[in-house]
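Quick look at what Swiss-Prot annotates:
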{"type": "CARBOHYD", "residues": "Asn80", "note": "N-linked glycosylation site"}
{"type": "BINDING", "residues": "His208, His212, His237", "note": "Cu cation A binding site"}
{"type": "ACT_SITE", "residues": "Glu349", "note": "active site, proton acceptor"}
{"type": "CARBOHYD", "residues": "Asn352", "note": "N-linked glycosylation site"}
{"type": "CARBOHYD", "residues": "Asn356", "note": "N-linked glycosylation site"}
{"type": "BINDING", "residues": "His364, His368, His404", "note": "Cu cation B binding site"}
{"type": "CARBOHYD", "residues": "Asn486", "note": "N-linked glycosylation site"}
{"type": "CARBOHYD", "residues": "Asn491", "note": "N-linked glycosylation site"}
{"type": "CARBOHYD", "residues": "Asn545", "note": "N-linked glycosylation site"}
{"type": "DISULFID", "residues": "Cys579-Cys621", "note": "disulfide bond"}
{"type": "DISULFID", "residues": "Cys581-Cys628", "note": "disulfide bond"}
Amino acid sequence: MSDKNKLLLLFDRPLETVIVPRGPDQEAFDVPVDLLSDRYKAIGVQVSNRFGEETKSKIPVKKISPPPLGEILDLPRQANFSLFIPKHRKIAGRLINIFLGMKDTDDLQSMAIFARERVNPYLFNYCFSVAILHRPDTQDLDIPSFIQTFPDKYLDSQVFSRAREEATLVPEGQRVPIEIPRDYTASDLEVEHRVAYFREDLGINLHHWHWHLVYPFEGAEQVVRKDRRGELFYYMHQQVIARYNLERFCNALKRVTRFTEWKDPIPEAYFPKLDSLVASRAWPARVTDQKLSNLRRDQDQITQDVDDLYRWRDRIYEAIHSGFVQTDGGGRQELTEFGGIDILGNIVESSNLSVNRTLYGDLHNMGHVFISYIHDPDHRHLETFGVMGDSATAMRDPVFYRWHAYIDDLFQQFKGSLPRYTEEQLNYPGITVTGVSVQSQGGAANTLNTFWQQSDVDMSRGMDFQPRGSVFARFTHLNHQPFAYNITVNNASGGNKRGTCRIFLGPKTDERRTAWLFKDQRLLFIELDRFVVNLRQGENTITRNSTESSVTIPFERTFRNLDLSRPVGGEALAQFNFCGCGWPQHMLIPKGTPEGYDCQLFVMISNFDDDQVVQSTEGICNDAMSYCGIKDRLYPDKRSMGYPFDRLPRNNVNTLQEFLTPNMRVQDCVIKFTDRVVVPRPRN
């Protein structure tokens, strides 16, 4: 194939046939008639001719004999697609395997066109994205951000009628961004709406979607089996809950309440104000005090009782407390100190790496399904699932955090059964952290500054049947002044040493402004950075910028123009996709308060000899490795994820100060929020 980048044009305008010109260069695929859908087989030539003047070049498409799609076509083109629904994930696995099985990119292009013309657009986008990420001959391609293909999953439904007007009537150079209000899903009467800026943030929801793209829980072995995948499921979501709780504290709300009683009413309502442009339907809402019901959704082949969740939960608890799981072959597998959390993660989620899905079930995924169908459990009203049913939208819903607080508590039950870290396991003899401070650009020492910022996103690639050219939506999100860590370390070990610098941020007091017990506080520390340091003998000064964080992806990657910010050159481009997975840089630190929210910055230097994973990562994208790992490599830190806060403290340690060893240090700091909006520069 002369230019495999042409594959990316198949993401553009997902409802339009591929024979219509697409992309900035107005290219059209020259498709053999057999690959077209029945609707266009007879009129394909007329459609091509109609757009002939717009078409600047034709992309040749190889004629192949595609395999039958079979049950993949069971999902109607106008339906919504959910990874959490077993039937949907099964057919997704089949389509991914078909794409992975194509012998070269020419065959892949032909097969993708054949499928795209026939299958559900959401299903196609997911399966084609996973295949591109995992095929050796395509994994260097830069797949479009999901918001640019399906902006309807992220933007207020009122935007699209205004966007059509702008696209149809206004010349491209004179179009102005369509501003989305910050408070469009609820009013201040709803206390949970205080943290809507977090739940509905584009970058956070794109992170969740991209993480599940990189770590699918169904499909071929090569797609699902990744190093410490189950443990990463636990850690990434644990950090999401910790971050959410910090935002709640900044907004005078208590910690999120675990969703434990599944037959009780759910007091939190959610009205998403989203429309599906594929289904031409509004996303269903959940009103106050609805209850979960047994599911009888024949169309989705779901027959499941709420009691099944209880059965699966009890069996998982039994495994945790007995220290082993039963495999589907009838054997036992121990939940060991370092490997047990990975086994448990795959069971709880569950992925097809679960050692016994028949016994331990599908707790996390089906929890999403039960909640997402709460408004129509037996399909009597012909309604689709709510936002909890889609990894691209689930984090918008307040109940997502209640459900994941419960899931995290399961993992904490296991972590509580492990031996506590001894001082020897925490200390680094001869290494003392003597000073820590943070400095914002133009701000006071140990003060982090946050504010509102507006950014634009181009919707045109996801707007079918509209005139070409960019149409921008402008939305308001949290951001912060960049800052730097200044850390001084004394090396009295008698030789040069290497260490891993681990930086966390946590709340100084609980929601009642009382001092923490460390066993509770440790669960609210959010990871800010993790990096290797070389320590000479004597005093060392370490300076690190917040933008270098191992947790986040750069701001430009979340709000990128696909054609302007794509990296140039093989290695940079090769890793761009995996790097698309990561916490958004603009949400690295919590909002804070106008008077200043009191936090504690924790810095630790651990012994690199105990952390090191021997492997080459040269040329590899690892800028967001903490939550996402590294592509085709082992997770780059031998320690348990969340170390040193992932286990209960040793005996007689009740406070953070008592927990510290010489290679750790804590610095009090404040996060100050200023209620101002930074507006982007005019485009014209």
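Note that Cβ sites are derived from N, Cα and C of the backbone, with glycine treated the same way.
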Open item on the list: What does the structure give for the C-alpha distance between Cys581 (disulfide bond) and Glu349 (active site, proton acceptor)? Integer Å is fine.
Closed with: 19
TODO: Under 8 Å Cβ to Cβ from Asn545 (N-linked glycosylation site), same chain, six or more residues apart: give me those in sequence order, or none if nothing qualifies.
DONE: Pro482, Phe483, Ala484
TODO: Could you round the CA separation between His212 (Cu cation A binding site) and Asn352 (N-linked glycosylation site) to a whole angstrom and send it over?
DONE: 14
TODO: Between the residue listed as 'active site, proton acceptor' and His364 (Cu cation B binding site), find the distance joining the two CA atoms and give it rounded to the nearest Å.
DONE: 5
- [ ] Given the recorded positions Asn80, His404, Asn486, Asn491, state which is nearest to His237 (Cu cation A binding site) when distance is taken between Cα atoms.
- [x] His404
TODO: Restricting to the same chain and to sequence separations of six or more, state which residues have a Cβ under 8 Å from that of His368 (Cu cation B binding site).
DONE: Phe84, Met388, Gly389, Ala394, Trp403
Task: Mapped DSSP class for Asn352 (N-linked glycosylation site), helix or strand or coil - done: coil
- [ ] Starting from the Cβ centroid of His208, His212, His237, which together make up the recorded Cu cation A site, report each further residue of the same chain whose Cβ lies within 8 Å of that point, ordered by sequence.
- [x] His207, Trp209, Trp211, Met236, Val240, Ser391, Ala394, Met395
TODO: Have a look around Asn80 (N-linked glycosylation site) and count the other CB atoms within 10 A of its CB, chains all included.
DONE: 24
